[in-house]
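Peer 1: Got a structure for you, written out below as structure tokens; questions coming shortly.
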Amino acid sequence: MRIFSGIRPTGSLHLGNYLGAIKQWIDLQETHECVFCIVDLHAITTPYDKKELQKNIFETLIVYLAAGINPEKSVIFVQSHIKEHPELAWLLGTITPLGELQRMTQFKEKSKTNKAYINAGLLSYPVLMAADILLYRAEAVPVGKDQGQHVELTRSIAKKFNQKFGQTFKEPESLIPKEGAKIMSLTDPKKKMSKSDDPKSCIFLFDSPEDIQRKIMSAQTDSGKDVIYNVTKKPGISNLFTIYSLLANKTTQDLEKEFKGKNYGEFKKSLAKIVIDYLEPFRRKQKELSLREVYLQEILKQSQSRALTIAQETMREVKEKMGLL
Ligand code: TYM
């Protein structure tokens, strides 16, 4: 079974990206053929600084490697380096109903936050995402909760293609983790942690120990004093519970017992230590990798040729089936 997933290089990656997506990838690469993409063509659908884009692409690659993606096992490449992605997206766009795209939650949200930048690329974003997945005939897509709707649309595009042009694609499933699929903002636990938000609301994977400590200690908590997990009544502390539980590999019940009678401050202090220790190897590897540009370029080059072989084969079949060859 082949796995595909990707991340937009729009800024530093955070604990939400890690717990919702990357952490699953590390386990999956042991048992499956995995293709992980840095989706730069998606990144340009919202306002961006062209001088920062290449830097962000390399930073995303460094995160993949520092978190434990093994380039000898998994394919890691940059989306715009393989022109079959936009090519397939164009073809799939011709069978995707406009109404389906207009009802996508991410399109509606991003149109609201970027009112001066509602472009056609933002609308057809999920078609390019479907092309990413179907180009590699991936059967499963490990993502956080917010991307589930896009994977659903990919399934319906695959189905439609098969009905119209003959069986070609399997309908890919999303792999959304039971815990950690939606890590919330530290400053507003009703919103998801997001790269484009205030840096205080996110723990970035390469944050310094001092920044981690400061952000966790000032994270919004709830009324009352008890350190208990209750998402509806105590969304702030419950979000911290989720992070604690996933990084320390303890259940929320165990943590409740451990912190019975203690206060929010003690819980946060302990969590800050857990996060700082967990991310220590990430910071160390980031320092090493950022000095090895030639090595990073080589990984992308080698992976690209592996990805291209699969992509070209799919495109040949798709074009033939659509009467373009
Ligand atoms: P992106 O770059 O917004 O996010 C990358 C991954 O991180 C997950 N994620 C979260 N998970 C838990 N809590 C959060 N607060 C949180 N924030 C983000 C996302 O669900 C995602 O898995 N459209 C995609 C990129 C993409 C893609 C693809 C993914 C393009 N083509 C093909 C899978 C397959 C996106 O914008 O992700």
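Yeah, the Cβs are placed from backbone N, Cα and C, and that goes for glycine too.
Pulled these features from TrEMBL for this protein:
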BINDING   Arg8, Pro9, Thr10, Gly16, Asn17, Gly144, Lys145, Asp146, Ile183, Lys192, Met193, Ser194, Lys195, Ser196  ATP binding site
MOTIF     9-17  motif ''HIGH' region'
BINDING   Asp132  L-tryptophan binding site
MOTIF     192-196  motif ''KMSKS' region'
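Could you tell me the structural context for the features on the list?
Peer 2: Secondary structure at Lys195 (ATP binding site), as computed by DSSP, is coil.
Note on the motif ''HIGH' region' (9-17): mean pLDDT across this stretch is 96.
Here Asp132 (L-tryptophan binding site) comes close to Phe4, Gly6, Cys37, Val39, Gln79, His85: these same-chain residues lie at least six apart in sequence, with C-beta atoms under 8 angstroms from its C-beta.
Same-chain neighbours of the motif ''KMSKS' region' (192-196): 8, 10-17, 46, 113, 146, 182-186, 202-203, counting only residues six or more beyond its ends whose CB sits under 8 Å from a CB of the stretch.
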Peer 1: For a quick check of packing: other C-beta atoms within 10 Å of the C-beta of Lys145 (ATP binding site), how many?
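Peer 2: Excluding its own Cβ, the number within 10 Å is 15.
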Peer 1: If you draw a 10 Å sphere on the Cβ of Lys195 (ATP binding site), how many other Cβ atoms land inside?
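Peer 2: Around the Cβ of Lys195 (ATP binding site), 18 other Cβ atoms lie within 10 Å.
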Peer 1: For Met193 (ATP binding site), what residues in its own chain, 6 or more apart in sequence, show a Cβ-Cβ distance under 8 Å?
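Peer 2: Non-local contacts for Met193 (ATP binding site): His14, Leu15, Gly16, Ile183, Met184, Ser185, Leu186, Ser201, Cys202, Ile203.
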Peer 1: Do you know which of the binding-site residues Arg8, Asn17, Lys195 end up with C-beta under 6 Å from ligand 1?
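Peer 2: Once distances to ligand 1 are taken from each Cβ, Arg8, Asn17 fall under 6 Å.
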